[in-house]
């Protein structure tokens, strides 16, 4: 009996979003369209920035990095989720689950760092424009992006290593559509208090630090914008920052709800809805938010279309 109680789990069953076959078919089509749009738009933005010399600036370099991360972190979840919507019993091996968690964690943490770097870029451009070329040189941009990736990797490795040290016994049904930490911790037969503390400490500190960086940057930007005499100048400054601030608010709002809360306040169904939004919704919305009112991007797209028609 004791041996049966402590059978080692080699795979997890992902319960997903629903058991209804008809709804699964509808969700498959909807999520496939969203994922395809996300990939095409983000990869298209990267290509557009590469081929348009006018967009070879720190701001658009960072935007291309953000687009790459968005494409990656949606790809860490969406393909497996789409496959699971087509099968009766969705399973994932323990090793694949850890890899999925690692990839998703790296990408989403890196995104948080990148958003704070983009806020710093806007801060320097508006508050100290004379120092902009020095503060945001090509080398500095590469260093900031590299640091963002390193931060994402280190943070996620800590959680993944601590997660692998846990024992998973008989229970292996994950009440989620991917290997999310809170859902996995609920299945462990080990003491998970240290994992919860690490999650709250590291992810919480990183989220708060990067979010405060954004907020402080925009406070200085707001004061600097008010000192701009021309109305058009103020409007341009606010317009440039509004899109990024919107993306930041959506991103951190969903993450704080999902991760920075005690397990006693963890509601599975609400978490699934929020997770669906930040795994598929945010990567698609980010690009729309950043490019919707961006004249440079619109002009670059128009020129690219005209060039295509000319070549044809």
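Just so it is clear, glycine is given a Cβ too, placed from its N, Cα and C backbone atoms.
For 97-189, the entry in Swiss-Prot reads disulfide bond. Other Cβ atoms within 10 Å of the Cβ of residue 189 (disulfide bond) number 14 in total over all chains.
Under the heading N-linked glycosylation site, Swiss-Prot lists 5.
Residues annotated as topological domain 'Extracellular' in Swiss-Prot, with sequence analysis given as evidence: 1-25 (among others).
Taken from Swiss-Prot, the feature topological domain 'Cytoplasmic' applies to 47-54 (among others), supported by sequence analysis. Confidence in the topological domain 'Cytoplasmic' (47-54), given as mean pLDDT, stands at 90.
Positions annotated as topological domain 'Extracellular' by Swiss-Prot: 76-99 (among others).
Long-range contacts of the topological domain 'Cytoplasmic' (121-139) within its own chain (CB-CB distance under 8 A, at least 6 residues past either end) are made by residues 58-59, 62, 217-218, 220-221, 224-225, 237, 240-241, 244. If you look up Swiss-Prot, you'll see 121-139 (among others) marked as topological domain 'Cytoplasmic'.
Here Swiss-Prot flags 161-196 (among others) as topological domain 'Extracellular'. According to DSSP, the topological domain 'Extracellular' (161-196) comprises 13 helix, 2 strand, 21 coil.
Taken from Swiss-Prot, the feature topological domain 'Cytoplasmic' covers 218-237 (among others), and the record attributes it to sequence analysis. Under DSSP, the residues of the topological domain 'Cytoplasmic' (218-237) split into helix, strand and coil as follows: 16 helix, 0 strand, 4 coil.
Annotation source Swiss-Prot lists topological domain 'Extracellular' at 259-271 (among others), citing sequence analysis.
The topological domain 'Cytoplasmic' annotation in Swiss-Prot covers 293-312 (among others).
Positions annotated as transmembrane segment by Swiss-Prot, on the basis of sequence analysis: 26-46 (among others).
The transmembrane segment annotation in Swiss-Prot covers 55-75 (among others) and is backed by sequence analysis.
For 100-120 (among others), the entry in Swiss-Prot reads transmembrane segment. Sequence-distant contacts of the transmembrane segment (100-120) (same chain, at least 6 residues past either end, Cβ-Cβ under 8 Å): 59, 62-63, 65-66, 69-70, 72-73, 76-77, 80, 92, 144-145, 147-149, 151-153, 155-157, 159-160, 163, 178-181, 184, 203, 206-207, 209-211, 213-214, 217-218, 244, 247-248, 251-252, 255, 278-279.
Annotation comment: Swiss-Prot describes 140-160 (among others) as transmembrane segment, evidence class sequence analysis.
Taken from Swiss-Prot, the feature transmembrane segment applies to 197-217 (among others). Here the transmembrane segment (197-217) has long-range neighbours at 109, 112-113, 115-116, 119-120, 122-123, 151, 155, 158-159, 162, 181, 245, 248, 252, 255-256, 259-260, 262, meaning same-chain residues at least 6 beyond its ends whose C-beta is under 8 angstroms from one of its own.
Taken from Swiss-Prot, the feature transmembrane segment applies to 238-258 (among others).
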Beyond a gap of at least 6 residues from its ends, the CB atoms lying under 8 Å from the transmembrane segment (272-292) belong to 17, 31, 34-35, 37-38, 41-42, 45, 63, 66-67, 70-71, 73-74, 77-78, 81, 104, 108, 176-178, 180, 243-244, 246-247, 250-251, 254-255, 257-258, 298
The transmembrane segment (140-160): which same-chain residues, six or more beyond its ends, come within Cβ distance under 8 Å? 58, 61-62, 65, 98, 101-102, 105-114, 117, 120, 181, 195, 198-199, 202-203, 206
Listed in sequence order, the residues of the same chain lying six or more positions from residue 97 (disulfide bond) whose CB sits under 8 Å from its CB are 12, 179, 184
The answer for the topological domain 'Extracellular' (76-99), taking Cβ pairs under 8 Å and residues 6+ beyond its ends, is 9-16, 24-25, 27-28, 31-32, 35, 38, 107, 160, 163-164, 168, 177-179, 184, 279-280
How many helix, strand and coil residues does the topological domain 'Cytoplasmic' (47-54) contain under DSSP? 7 helix, 0 strand, 1 coil
Looking only at the topological domain 'Extracellular' (76-99), how are its residues distributed among DSSP helix, strand and coil? 13 helix, 3 strand, 8 coil
